[in-house]
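Now, the feature entries from TrEMBL:
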type   : residues : note
REPEAT : 57-89    : repeat 'ANK'
REPEAT : 90-122   : repeat 'ANK'
REPEAT : 123-155  : repeat 'ANK'
REPEAT : 156-188  : repeat 'ANK'
REPEAT : 189-221  : repeat 'ANK'
REPEAT : 222-254  : repeat 'ANK'
REPEAT : 255-287  : repeat 'ANK'
REPEAT : 288-320  : repeat 'ANK'
REPEAT : 321-353  : repeat 'ANK'
REPEAT : 354-386  : repeat 'ANK'
REPEAT : 387-419  : repeat 'ANK'
Amino acid sequence: MALLIHPVSLVLPPQVSEEVSQELTDSESGGDLKRVLQLSDSESLVPSDEELRIYENKVTPLHFLVAQGSVEQVRLLLAHEVDVDCQTACGYTPLLIAAQDQQPELCALLLDHGADANLADEDGWTPLHFTAQNGDDRTARLLLDRGARVDAQEHEGWTPFHLAAQNNFENVARLLVSRQADPNLREAEGKTPLHVAAYFGHVTLVKLLTGQGAELDAQQRNLRTPLHLAVERGKVRAIQHLLKSGAAPDALDRDGYSPLHTAAARGRYLICKMLLRYGASLELPTQQGWTPLHLAAYKGHLEIIHLLAESHADLGAPGSMNWTPLHLAARHGEEEVVAVLLQCGADPNAAEQSGWTPLHLAVQRGSFLSVTHLLEHHADVHARSKGGWTPAHLAALKGNMAILKVLVRAGAQLDAQAGEGCTPLQLALRSQKQSVIAFLEGKEPSLAVVGSAEPGDQTEV
């Protein structure tokens, strides 16, 4: 979530419209007004090219004097019935500029002369949006007293309450609440002010919003709740308050991720522990079928694997293609994860939908330590995929001598035929793996040749 900030340049080009120039000429006090404008005619106030590009045109003396904070000069100009709601090409009114610059006295003066408190710029920002962004409760109160809409939404749907929540301005938020601001209005992506406060971890705002009836489990368009966002960002205190207030620990987003899935994938141990204490499910699958344990195994988060296993997570839960967490760890070369899962009781012989066991995948990956861990925990060295492939077939095809020797010591049958009738030797001959050919023919290769086969540098089958 990107910060929503809407800056207004405060140095305005001192252009005088023909209409105002004529008014100055016709007025009895025209000379005084001309002197007022000349006060700003110095080299230090000459606008840069960038500032000129921002405002381009339609900038009046009133815009300029407001930007300079010249209360008496503005008062003098307003006495000549200039348009108090004049807008620049970008829609900025004098009141918008005064609000953005935190000038309550100027705002009051403009409002006294009929300025519209709800007139927005080209992006839909009203003066109240700017005061909320700046934490200026004094000007915000003035605007609300003069009819500013408390729930005004800019073009992306953000209200002043969203901005106060984003920037942790409790003073403005409490003022908005006192004026019956709706805490559940959503911006374009479906975020409420509570989503915003939770994302940034602003606990005081989270407490205020939950105490004012904010919907705890409000969902964005992607179905994420405030709890999802707080977990994603690791905002522990916000998470704790949301859970205490009754936020659902098992809410699922569009991809089927619960807060526990997110915490497990991101390695947030303390947050996982907190979610489990509040009853988060260990077994909810994502849209692809992954449980929190699958994600922790895939990412290599050992502490979380221990925590989930001790909490009685299903070590053999079938995910996508019936892959267990051990399949994922073996396939991705997470050797420590393989060891931990096996120590926790994971089945080394579970077969996925094509018949591959974790041992097949560890051999295919070229992970020597994973292979030895699996064999030590009684992985079946003779296991066949649905295509008839054994781990020895894969080792021969990959040319991984170190792994092939370990498999042979564990009793691998070198005359076993795959579905196409190929033995490990025939596969080695086909792929021209000379060290493997020599070994399988009974000719011991040199240690240098054995060492040249690096586990992990293998192509896919």
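A Cβ is built for glycine as well, from the same backbone N, Cα and C atoms used for every other residue.
Helix, strand and coil counts under DSSP for the repeat 'ANK' (288-320) come to 18 helix, 0 strand, 15 coil.
Within the same chain, residues 321, 324, 326-327, 329-335, 338-339, 342, 348, 392, 394-395, 398, 400, 402-403, 406-407, 410-413, 416, 454-458, 460-461 sit at least 6 positions outside the repeat 'ANK' (354-386) and bring their C-beta atoms closer than 8 Å to a C-beta of that stretch. Distant neighbours of the repeat 'ANK' (222-254): 1, 189-190, 192, 194-195, 197-203, 206-207, 210, 216, 260, 262-263, 266, 268, 270-271, 274-275, 278-281, 284; these residues of the same chain sit at least 6 beyond its ends, with a Cβ under 8 Å from one of its Cβ atoms. Long-range contacts of the repeat 'ANK' (189-221) within the same chain: residues 1, 159, 161-162, 164-166, 168, 170, 173-174, 177, 183, 227, 229-230, 232-233, 235, 237-238, 241-242, 245-248, 251, 253, each at least 6 residues beyond the stretch ends and with a Cβ under 8 Å from a Cβ of the stretch.
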